[in-house]
Amino acid sequence: MKEKVVLAYSGGLDTSVILKWLCEKGFDVIAYVANVGQKDDFVAIKEKALKTGASKVYVEDLRREFVTDYIFTALLGNAMYEGRYLLGTAIARPLIAKRQVEIAEKEGAQYVAHGATGKGNDQVRFELTYAALNPNLKVISPWKDPEFLAKFKGRTDLINYAMEKGIPIKVSKKRPYSEDENLMHISHEAGKLEDPAHIPDEDVFTWTVSPKDAPDEETLLEIHFENGIPVKVVNLKDGTEKTDPLELFEYLNEVGAKNGVGRLDMVENRFIGIKSRGVYETPGATILWIAHRDLEGITMDKEVMHLRDMLAPKFAELIYNGFWFSPEMEFLLAAFRKAQENVTGKVTVSIYKGNVMPVARYSPYSLYNPELSSMDVEGGFDATDSKGFINIHALRLKVHQLVKKGYQR
């Protein structure tokens, strides 16, 4: 009886070749296709997998779970890798791998396989998730397999093999970039972008219009949160209202994209130590992250916020490096959920030519006291108390300066 392997399958050249290669090695290959919002023809992908040799194909719609359990969870900690990247690819990988493990368990498969390269981050994200959720599963990673590497030294070898085996290859002109698309973002890498001094051509961008070409008209959105989670979006001009999590996020993507929001061009540090240039389009999440952070400004205690902000870079790093299912992540999420208990209210954002600016906010749990904050009203605050406050904090500075200058106390 053949051993079963569940292959994370995209329908592209690499995973199609891997599927056939695994079949030839004697495996019963079950193809698994994850719909996380990419614009693919899933019917055609399923048909291609079956023709290539898969015994069964799972096409799983994970979009809603992606939004509620992954994107919104990352939002609780304002996750941004190296201060800029909103982690669109990294956040999707643990979800994809989790469902792959579930299918393997359901099918009684002994193996899981993926087509991630040996230079990138995704191999780590997939395999750490496999290990965390079912350490008994064996992993086949062809791009780290000496036999596979000896047979396929590059794209030409893959194409020749596909033609030899009758695997359909798209004849349409391929974009000269390596791209990853899901509901949260689309990323563009490789090609001319490998030169960090190269200014991307406008045709790189497929989701967003250039801010220069965006409408010369402000869009006002009112975004509602409960315990840090987005629950409603209202367009204050045309009255459009979205409360379903998936529809809400798709609407923010739509509004952000047509207004040139969410473009990012950066060189980042991959987990394995290689620097990589990525160009990203993340319109909806950019709007959410900005609005959420603004609401925290009136609802979160100062020290709690500052502690959370100290932990946020580590949170983003854990997501980027593939440690979504880890004890340290459980610890951080428990703390973040506690910190978000009063992050409830609404924020109005002005969206205009690539910019997202909070212009109003309200919360029933607001810690903002107009009288205390006023320049004109005392509001129970005794200004003379500030003298002692300053003296206490100045004491160590005075001592440090005296010692520095060589004086004795």
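Using the three backbone atoms N, Cα and C, a Cβ is placed for every residue, glycine included.
Just one of Gly88, Gly108, Gly115 is listed by Swiss-Prot for the same ATP site as Ala8, Tyr9, Ser10, Gly11, Gly12, Leu13, Asp14, Thr15, Ser16, Ala34, and that one is Gly115.
Of the residues proposed, Tyr58, Tyr70, Tyr85, the one Swiss-Prot records at the same L-citrulline site as Asn121, Arg125, Ser178, Ser187, Glu268, Tyr280 is Tyr85. Annotated pair Arg125 (L-citrulline binding site) and Thr117 (L-aspartate binding site), C-alpha to C-alpha distance, rounded: 12 Å. Applying an 8 A CB threshold to same-chain residues 6+ apart, the list for Gly12 (ATP binding site) reads Gly115. Neighbour counts of Cβ atoms within 10 Å were compared for the binding-site residues Asn121, Ser178, and the top value is held by Asn121. Sequence-distant contacts of Asp122 (L-aspartate binding site), defined as residues of its own chain at least six apart whose C-beta falls under 8 angstroms from its C-beta, comprise Thr89, Arg93, His114, Ala116. The Cβ of Arg125 (L-citrulline binding site) has 27 other Cβ atoms within 10 Å, all protein chains considered. With respect to Cβ neighbours within 10 Å, the binding-site residues Ser16, Ser187 differ, and Ser187 shows the lowest count. Ranking the binding-site residues Thr117, Asn121, Ser178, Ser187 by Cα distance from Ser16 (ATP binding site) puts Thr117 first.
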